[in-house]
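These notes concern the structure reproduced below.
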């Protein structure tokens with residue numbers, strides 16, 4: 001409320017008598033005011049969380065047709081894009097036939113450009129709208145800058161632009177600055193937008209997780225209490241039964257059952273503490289502890305061996321052939337080799353692999369002895385094949 | 001009874017089928033035993049009857065390639081026999097997969113564990129590539145873990161041999177989150193580099209404990225990749241704008257990997273960068289990766305027997321629930337028992353963003369909650 005005078009220029013002084021006075025408690029002694037639900041911010045439509053989603057007061061008056069809530073109980077004032085209020089019937093009357101000038105400031109307006117009022121002060125309304133718009137475009141983060149001073153400069157610039165827009169200083173120049181920034185930083189802006197969304201999602205998920213955890217704890221606790229109650233009832237019944245049936249001394253029986261009960265309850269406390277520890281762990285709270293147990297477990301078993309790239313006794317046949325460096329002129333791979341547009345190259349196809357495969361399959365197994373039949377024959381030694389063409 | 005039938009019957013007698021473990025679009029998996037030794041196996045019964053044009057493609061691929069591959073880090077196909085009209089594959093029994101381990105929040109990974117898993121993955125993959133076979137569906141879900149901790153590559157339903165110069169290959173392979181950009185751009189000629197990209201994604205996922213590049217659609221996948229690694233330039237990846245399905249998806253700046261992988265060593269990030277290079281021809285090969293300094297640096301890779309093991313119970317799960325994969329019909333995930341929950345796509349994105357939220361200066365006001373836009 002104290003900021004109101006600062007934004008006087010916004011209200012449009014020409015209509016002050018009708019429009020603006022509606023907010024300034026000139027008729028605060030009228031009984032209607034008392035009947036609205038909120039006392040600080042005037043009335044308003046509230047969403048389920050109790051936030052004012054649309055502002056209205058009992059002494060609203062349309063600055064255009066001067067109709068007020070007394071004459072029209074359904075009066076609803078909407079705010080134009082030049083921040084002037086009008087009632088719905090005026091808007092219908094003036095703008096149904098297309099864009100028309102604002103009756104207060106002559107700016108050309110459209111029917112769709114009207115929106116409900118959220119804040120009592122239209123200055124706040126405008127500032128919020130401007131800042132929302134700016135925040136959407138200028139969403140760079142500290143990580144996007146090399147050092148803190150440049151980030152601060154950037155924030156300063158953003159604040160400057162916002163201030164200009166709010167106070168109608170150099171609007172065309174400022175808009176030009178914004179568009180220039182927009183084109184220069186489109187990619188980064190969209191990236192940061194995605195980041196923000198992802199963060200919001202992650203935050204929500206974490207909150208969900210925490211809530212579930214709390215619920216699980218509560219359920220466990222309730223269950224424990226229930227168990228305890230049942231147990232105590234059972235004990236009492238047993239005690240009474242015993243006192244009824246046995247011939248022993250009543251005092252002794254009572255003392256015995258008390259000791260047993262104390263033992264049980266202490267056991268229960270111990271087990272519940274263990275349980276709650278486990279519960280916390282399962283939700284990833286006690287990660288460090290897990291890591292510790294894991295490292296401990298590792299230390300007392302087989303030692304780790306250094307890396308051995310290949311663990312099978314594989315013979316590469318590399319010494320049996322060489323692939324010609326200049327390649328081969330075979331018909332089958334002709335299309336692939338020509339590859340005018342570089343599509344095969346871009347897809348990662350290597351014709352060398354085909355040649356390699358052909359040569360390898362040709363020489364592999366040359367020195368393998370047949371399993372049966374020619375048992376005495378010696379393996380072929382050192383077959384060096386150099387293929388000229390396939 | 002002719003000789004073939006007799007041979008088949010002999011083979012059939014060697015294996016005992018026990019209970020059903022899972023069922024998919026084209027196969028039912030049973031737990032089983034070898035009759036003579038009592039060794040546990042998994043028997044994958046492929047439904048033949050309902051396919052008009054013969055045997056399902058992925059079954060053929062699986063038999064064709066697994067028959068030839070025998071390696072410590074590749075699932076072993078022990079036997080194949082037929083029973084009436086069904087085809088039965090006898091495979092090694094492996095009780096968990098890497099996805100279950102990643103998702104199990106009670107497990108803690110040491111850098112050495114990740115190194116060990118990566119070394120085993122690269123070893124298995126190197127063996128496939130050495131034999132000129134592309135896997136084309138690498139994801140944590142298809143990396144199975146044996147009881148002794150050895151990691152084995154499974155599910156060769158999308159595999160094929162490569163380096164054939166005359167043939168186009170389909171680009172609709174690999175689960176979306178692990179699919180390289182050249183396939184997303186519709187390249188029909190590619191190479192072993194596609195598998196390396198997938199391994200890179202798995203590497204990142206092991207560190208983050210959440211899928212690294214989780215796109216919601218093929219377009220979104222490209223956007224997700226570029227957002228994480230920056231939009232490629234013509235120098236970085238020559239010719240990519242000419243690929244069949246190329247579409248510009250917007251400019252994103254490069255952000256250093258260090259920002260996301262804050263605790264990783266320089267070697268780790270170097271290998272990860274080389275696995276996630278845009279230009280497929282420059283991407284590291286499996287055998288080069290195995291020689292990378294990352295694997296030789298301290299700490300040594302964990303001994304397989306010491307790797308964290310899944311604690312959750314095995315629950316039969318429906319096979320063939322392929323997350324994000326286009327090729328729905330063709331992949332029943334190999335032989336593995338049971339990840340506990342079905343909501344595979346709904347893996348949660350948790351908290352890599354958390355630390356980014358602590359900003360030093362908060363000068364932006366959030367008015368979105370207070371008013372509708374004017």
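Yeah, the Cβs are placed from backbone N, Cα and C, and that goes for glycine too.
On a predicted model such as this, the values are computed, not experimentally measured, just so you know.
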Quick one: which of B:304-329, B:330-355 does TrEMBL have down as region 'Disordered'?
-> B:330-355
Simplified to three states, DSSP reports residue B:137 (active site, proton acceptor) as coil
Residue pair residue B:29 (ATP binding site), residue B:137 (active site, proton acceptor) - Cα distance, angstrom, rounded = 19
Distance from residue B:23 (ATP binding site) back to residue B:137 (active site, proton acceptor), taken between C-alpha atoms, in Å | 19
Across all the protein chains here, work out how many other Cβ atoms are within 10 Å of the Cβ of residue B:137 (active site, proton acceptor).
-> 29
